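Undergrad: From TrEMBL, here are the annotated features:
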BINDING   Gly12, Ser13, Gly14, Thr15, Met16, Gly17, Asp35, Glu90, Lys95, Ser117, Asn141, Lys274  NAD(+) binding site
DOMAIN    9-181  domain '3-hydroxyacyl-CoA dehydrogenase NAD binding'
DOMAIN    184-282  domain '3-hydroxyacyl-CoA dehydrogenase C-terminal'
SITE      His138  site 'Important for catalytic activity'
Amino acid sequence: MSSLPAIATVVGSGTMGPGIAATLVRAGAEVRVYDISAEALAKAENTFAFASGVLEQLGSDTVEGGSVSFTTDIAAALSGSLFVIEAVPEKIELKKTVLGQIESLVGKDVIIATNTSGIPITAMAESMTVPGRFVGMHWSNPPHLIPMIEVIPGKATDAAVTDQLVEIVKAFGYHPVIEKEIAGFVENRVLYAILRECVALLEEGIVTPEGLDTAVKWGIGYKLSVIGPTRLLDMAGMDIYAAVSSYLNKELNSDTETPQVVTDMIAAGKLGFKTGGGMYEYGEGDVAAKLKDITAGLVAARKTLSSITPV
Ligand SMILES: NC(=O)C1=CN([C@@H]2O[C@H](COP(=O)(O)OP(=O)(O)OC[C@H]3O[C@@H](n4cnc5c(N)ncnc54)[C@H](O)[C@@H]3O)[C@@H](O)[C@H]2O)C=CC1
Ligand SMILES: Cc1ncc(C=O)c(C(=O)O)c1O
């Protein structure tokens, strides 16, 4: 008997929602996708179809019986739902409002999980009537391909709810990581430490964007995809880490604000894929081509990594 609830609802169908839904549908759930915007939902149907196609390419396990529906009717989306994932924009007050709407429409035993990138779960739970059923469930983008989910209980989260979410994540074949609550959670703290150093190296003209991407992809990115950081410490040796960190740690970037180069880019309307230009410039069709290459690469890497003995 799968631990995956038979009926699930995804609230918010932007970048993350459709891929989350595709993953759950492939695992056999009836998934309702709700969004306040009909325009976003229309786009979500296409994103869902794309993500489902990618899962087909990946050849991930399929459980028969899954289905999806898209609606702007929140009551219909939540009626009878046994598991809810909130994926609205990263704004705490908006999330609190939406969580209140969800709570008013589901049973007290229904787990409500938030896909927040790093807002403290405890803070969001403060406004809930049944905070014990609320838990962090941080997917990584693209959610239908990155098979690791951070499970973050808040201070009020029932231990049984955390345990149940771990089993739900395992039920659709992903790797759950239970974490203590900390701003940004584990994955984004590591990612944002890396990105802070990367942007600083670009700002100082130490390396080009192409050079930086090559260095990270074929250096630590490649290595860390096989060897986790703690295993790498054992492989390199604590003596090496001590010797290098003794002089290097004080040199690393420690800025606390968003880098000026990024603030300037946003002011110039250069958001990246979303606007056709950011760190790189994209001509007609370039973003779609890049997304196709990224997807093919992630599918190939996932297949290979899944085939090797865990290190
Ligand atoms: N984009 C990313 O790479 C990742 C985002 N996340 C987190 O997931 C959450 C969602 O992020 P994205 O999908 O990127 O956001 P998004 O902005 O792409 O999509 C959010 C969706 O929520 C809808 N929405 C807004 N207000 C709503 C309401 N009151 N009720 C229902 N729907 C509403 C919007 O119409 C939109 O379709 C955020 O907390 C974000 O931090 C987590 C991992 C990765
Ligand atoms: C830049 C960046 N920031 C946040 C997240 C997730 O919360 C991601 C991701 O999932 O890839 C990201 O790339």
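Numbers here mean position along the shown chain, with the first residue as 1.
Here the Cβ of each residue, glycine as well, is placed from N, Cα and C on the backbone.
Automatic, uncurated: that is what TrEMBL annotation is.
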Undergrad: About how far apart, in whole Å, are the alpha carbons (Cα) of Lys95 (NAD(+) binding site) and His138 (site 'Important for catalytic activity')?
TA: 14
Undergrad: Tell me, by DSSP, whether His138 (site 'Important for catalytic activity') is helix, strand or coil?
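TA: The residue in question, His138 (site 'Important for catalytic activity'), is strand (DSSP, three-state).
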Undergrad: Summarise the model's confidence over the domain '3-hydroxyacyl-CoA dehydrogenase NAD binding' (9-181) as a mean pLDDT value.
TA: 97
Undergrad: Around His138 (site 'Important for catalytic activity'), which residues of its chain at least 6 apart sit with Cβ under 8 Å of its Cβ?
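TA: His138 (site 'Important for catalytic activity') has long-range Cβ partners Asn115, Thr116, Ser117, Gly118, Ile149, Glu150, Ile152, Phe185, Glu187, Asn188.
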Undergrad: How far apart, in Å, are the two Cα atoms that lie farthest from each other among Gly12, Ser13, Gly14, Thr15, Met16, Gly17, Asp35, Glu90, Lys95, Ser117, Asn141, Lys274, the residues recorded as binding NAD(+)?
TA: 23
Undergrad: For Met16 (NAD(+) binding site), list the number of other Cβ atoms lying within 10 Å of its Cβ atom.
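TA: Looking across every protein chain shown, the total is 22.
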Undergrad: Do any residues at least six apart in sequence from Asp35 (NAD(+) binding site), in the same chain, have a Cβ closer than 8 Å to its Cβ, and if so which, in order?
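TA: Sequence-distant Cβ neighbours: Val11, Gly12, Ser13, Gly14, Gly17, Leu41, Ala44, Phe70, Thr72.
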Undergrad: For the domain '3-hydroxyacyl-CoA dehydrogenase C-terminal' (184-282), jot down how many residues DSSP puts in helix, in strand and in coil.
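TA: Summed over the domain '3-hydroxyacyl-CoA dehydrogenase C-terminal' (184-282), the classes give 70 helix, 3 strand, 26 coil.
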Undergrad: For the binding-site residues Gly12, Gly14, Asp35, Asn141, which residues place their CB under 6 A from an atom of ligand 2?
TA: Asn141
Undergrad: Of Gly12, Gly14, the binding-site residues given in the record, which has the fewest other CB atoms within 10 A of its CB?
TA: Gly14
